[in-house]
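Worksheet for the structure shown next.
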Amino acid sequence: MKALVALILLVQLPIHKAVPAAPPAPLGCDDPESVAAAEAAVNYINGHSHHGYKFALNGIKDIRVVPQGPNNDIIFLELDLLETTCPILSPTPLANCTVRSFAEHAVEGDCDVKLQKVDGTLSVLASKCHSHADSSEDILKVCPDCPLLASLNNTEVLETVSAALNDYNSKTTDSYLRLLEIGRAKIQYHPAHTVVAEFAVGATNCSAEEAKANAGACQLLPEDQSNFGFCTAVMVKRPSQDLQVDCQLYGHQVPAPHIPLLSQDTSAGLVPSAVGFTNHNLGISHNNPAASESSSSEILRSMLSAKSVTKRAVAQAAQHDKVPRPVGFVPLPPPCPGKIRHFDI
């Protein structure tokens, strides 16, 4: 009899179904893990750029994480960057580089980056960036008298760079410098007609004295002796004429094994009229050899796919979440985009 009662009670016990574990909450754009991934991405982008200036993180627009297995995630980032005053060739750490002010005609970079995080270690698989200068109208509203960015092929800019380089080489006793590229230029007409140009240079295998005989024969130093630098020239054309040139050479730098210091197919050695690389257009598209993509355009497709995966994960979490919530509770989405670190363009 006792056995029969125990059997009846056992049959009447409620059966609890196993509730699938909800996926982890999506990362927010200002979470420490997101910021760490963004900083790794910015270092990668600067490390694989060979023109213009270093860019700094301004904000994280979006982040998507796609789990691949235990301690293995693929991370997709949308980043907002701003141009700094540090040339890409400068050894100055990014943390010590100043972001150009809004009034200096700021340049913004937009980047999509794919990373992998395995056992806490981040590596960039691919990146795709482009950039644009702020609109002239926006600058003039805030600073009507501020000079705007000029075309790098502007005749006055080319004349200023040529005159500045000739002036420097005529006064130095060190290596003869050759033009690598023009980085930035601005022309101001009031109160004085002034041209300001910034340009990268490289030391050659000739002294300045030797170059007087045949400058065309002077070649950039080989990579194991390379010495690059950066110059700023200010030419006042009216009401009086004056030229000031300031050049800083960085000395030989040993690049990381996977990052060339400067490609040898630059405009080095060409006359200024043949130089016109638009350096404030951050056109970077790079794939790490470890990446599985055949093209960096896959980043965009992967980002869209990642968003779909995240939406499904959130929907599944909502469906299986049986934890009672306070009355009026509304789950908030992850805070994206993140905070603006400098200013918005």
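Placed from the backbone N, Cα and C atoms, the Cβ positions cover glycine too.
Just so you know, TrEMBL annotations never went through curation; they're auto-generated.
Record features (TrEMBL):
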DOMAIN    21-130  domain 'Cystatin fetuin-A-type'
DOMAIN    141-250  domain 'Cystatin fetuin-A-type'
SIGNAL    1-18  signal peptide
Helix, strand and coil totals (DSSP H, G, I; E, B; other) for the domain 'Cystatin fetuin-A-type' (141-250):
29 helix, 51 strand, 30 coil
Need one number: mean pLDDT over the domain 'Cystatin fetuin-A-type' (21-130).
93
Give the residue counts of the domain 'Cystatin fetuin-A-type' (21-130) per reduced DSSP state, in the order helix, strand, coil.
22 helix, 56 strand, 32 coil
